[in-house]
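Encoded as structure tokens, the structure appears first; notes follow it.
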Amino acid sequence: MMNKDMLLHQHQQPQQDENMSNLTSASGDQASVSSGNITEASGSNYFPHHQQQQEQQQQQLVVPDSQTQKKRRNQPGNPDPESEVIALSPKTLMATNRFVCEICNKGFQRDQNLQLHRRGHNLPWKLKQRSNKEVIRKKVYVCPEASCVHHDPSRALGDLTGIKKHFCRKHGEKKWKCDKCSKKYAVQSDCKAHSKTCGTKEYRCDCGTLFSRRDSFITHRAFCEALAEETAREVVIPQNQNNNQPNPLLIHQSASHPHHHHQTQPTINVSSSSSSSHNHNIINSLHFDTNNGNTNNSNNSNNHLHTFPMKKEQQSNDHIMNYHHSIIPPWLAPQPHALTSSNPNPSNGGGGGGSLFSLASPAMSATALLQKAAQMGSTKTPPLPPTTAYERSTHNNNLTTTMAAMMTSPSGFISSNNNNHVLFQDYNASGFDNHGREEAFDDTFGGFLRTNEVTAAAGSEKSTKSGGGEGLTRDFLGLRPLMSHNEILSFAGLGSCINSSASDQLHPKPWQG
């Protein structure tokens with residue numbers, strides 16, 4: 001019996017163990033399932049909550065934008081057009097006792113305040129009551145001062161207290177004064193606030209003036225800038241007027257040769273030399289006027305004429321030129337514009353442009369000068385019909401002006417092959433007859449030769465006193481004295497013209513009368 005019980009107990013024990021294991025596994029599975037369900041549930045619950053938080057944050061960000069879109073308060077001085085405009089006198093506006101209590105004689109600015117005060121005295125009082133149907137109109141107040149911007153109803157202020165403060169501060173008596181800048185204020189609080197910042201910051205104008213007040217600085221700067229602009233405009237306008245003055249010589253040439261009017265007029269830009277300041281002053285002191293033949297001082301000739309380089313021997317004769325420049329007749333005075341009145345194409349006549357002197361021609365030696373002069377030669381043109389006396393005299397002045405400019409600066413006597421015939425081309429193309437040509441040559445070269453004789457005599461004395469070395473020039477053939485203008489002209493083939501014109505004066509030809 002006992003053995004059976006033991007066997008049954010042993011047999012039941014594994015079953016119990018198996019059942020326990022099953023229970024444990026089942027519980028474990030349930031636990032795992034439950035834990036998984038909890039995790040899934042928690043996960044499913046977490047994400048929607050997070051999304052809700054994000055949506056709430058986005059809504060909070062949108063709310064300020066909607067709040068800023070609310071209607072703002074009107075700016076001061078921009079009232080509602082439908083508002084009621086009230087104009088008070090200065091006395092009424094500044095009165096402190098408009099409404100007085102008959103018991104204690106206390107004054108009030110508003111009737112509402114007086115009615116509330118009457119309640120304390122057990123007096124009958126009445127407050128204004130508005131019905132719901134009554135249309136409320138806004139009230140605006142204009143400034144009593146006629147010169148004030150707020151006197152206009154369109155710039156009225158919407159508050160009675162505000163208009164009172166405005167009138168008191170801007171137009172009332174200013175009793176309070178700043179000790180630093182002497183600025184006055186009508187309200188003591190404003191003066192105290194100003195004194196805290198007065199002098200702590202400086203405003204400097206471009207002209208060097210210092211200001212402690214910004215408003216004074218702004219006013220001064222506006223005036224200073226306007227004054228500077230006006231001064232600059234006055235300086236620029238006269239220069240433009242001088243630069244735009246037409247050359248009378250060029251005007252006559254363009255009128256005489258209208259078919260060459262389309263040709264451009266190149267300008268001269270020659271670098272000035274310090275040694276040529278004397279000749280520059282001599283040329284500037286003489287101004288040739290082709291209209292009336294008078295000599296006028298040209299104050300603005302520096303804007304049109306540039307000096308040319310001089311050689312050493314020319315510098316030594318500066319005092320001679322200074323002494324004898326008064327000998328030159330007024331009609332031989334060079335026109336500054338004459339330096340640009342030559343013609344680059346001699347075959348077309350004398351109406352074109354061109355430069356008498358090259359852009360950058362250095363000081364030429366005697367040999368180079370003679371070679372250039374030899375290239376000129378003498379030009380032969382067919383006889384042209386005679387012209388009037390006016391054209392003859394005008395072109396005579398033109399030729400005289402050109403020769404004066406050439407003789408003034410011998411270093412730039414001839415600049416290029418394009419200008420070889422510039423001396424006589426305008427003269428030959430102008431339609432002179434033989435008699436007019438001889439008169440022009442005689443008047444022009446006769447005056448220059450007479451002046452040159454005086455200059456040469458003074459130059460010989462100077463060279464003798466200085467040892468004889470200052471009057472020499474270096475060329476390819478060595479040292480030799482400077483050639484006179486007579487030698488240069490005779491070498492260039494012009495001497496015969498001068499001699500013939502001089503002899504014709506003494507012995508006039510039969511056809512000349």
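Just so you know, glycine gets a Cβ as well, placed from its N, Cα and C.
Proximity of H194 (Zn(2+) 1 binding site) to non-local residues of its own chain (separation of 6 or more, Cβ distance below 8 Å) is seen for C178, K183, Y185, given in sequence order. Annotated Zn(2+) 1 binding site per Swiss-Prot: C178, C181, H194, C198, in sequence order.
Among the features that Swiss-Prot reports, compositional bias 'Low complexity' is placed at 51-60 (among others).
The annotation compositional bias 'Low complexity' is assigned in Swiss-Prot to 264-280 (among others).
Taken from Swiss-Prot, the feature phosphoserine covers S89. Under the DSSP three-state reduction, S89 (phosphoserine) is assigned to coil, being neither helix nor strand. Proximity of S89 (phosphoserine) to non-local residues of its own chain (separation of 6 or more, Cβ distance below 8 Å) is seen for P144, given in sequence order.
The region 'Disordered' annotation in Swiss-Prot covers 1-84 (among others).
Feature annotation from Swiss-Prot assigns region 'SHR-binding' to 213-225. Model confidence over the region 'SHR-binding' (213-225) is summarised by a mean pLDDT of 85.
Under the heading region 'Disordered', Swiss-Prot lists 255-280 (among others).
Per Swiss-Prot, region 'Disordered' is recorded for 334-358 (among others).
The motif 'Nuclear localization signal' annotation in Swiss-Prot covers 163-170. For the motif 'Nuclear localization signal' (163-170), the DSSP counts in helix, strand and coil order read 8 helix, 0 strand, 0 coil.
Per Swiss-Prot, zinc finger is recorded for 99-121 (among others), and the stated evidence type is sequence analysis.
If you look at the zinc finger (141-171), the same-chain residues 6 or more away from its ends with a CB under 8 A from one of its CBs are 74, 76-80, 83, 85-90, 93-94, 185-187, 190. Residues or ranges marked as zinc finger in Swiss-Prot: 141-171 (among others).
Within its own chain, the zinc finger (176-199) is flanked in space by residues 168-170, 212-213, which lie at least six positions past its ends and keep a Cβ under 8 Å from the stretch. According to Swiss-Prot, the zinc finger annotation covers 176-199 (among others).
Per Swiss-Prot, the feature zinc finger maps to 203-226 (among others); the stated evidence is a curator's inference. For the zinc finger (203-226), the number of residues in each DSSP class (helix H, G, I; strand E, B; coil) is 13 helix, 4 strand, 7 coil.
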Residues of the zinc finger (176-199) by DSSP state, where helix covers H, G and I: 10 helix, 4 strand, 10 coil
Protein Cβ atoms within 10 Å of C198 (Zn(2+) 1 binding site), excluding its own: 16
Check: same-chain CB within 8 A of Zn(2+) 1 site center, minus C178, C181, H194, C198: D179, K180, S182, K183, C191, S195, T197, G199, S212, R213
Helix-strand-coil residue split for the zinc finger (99-121), DSSP-based: 10 helix, 4 strand, 9 coil
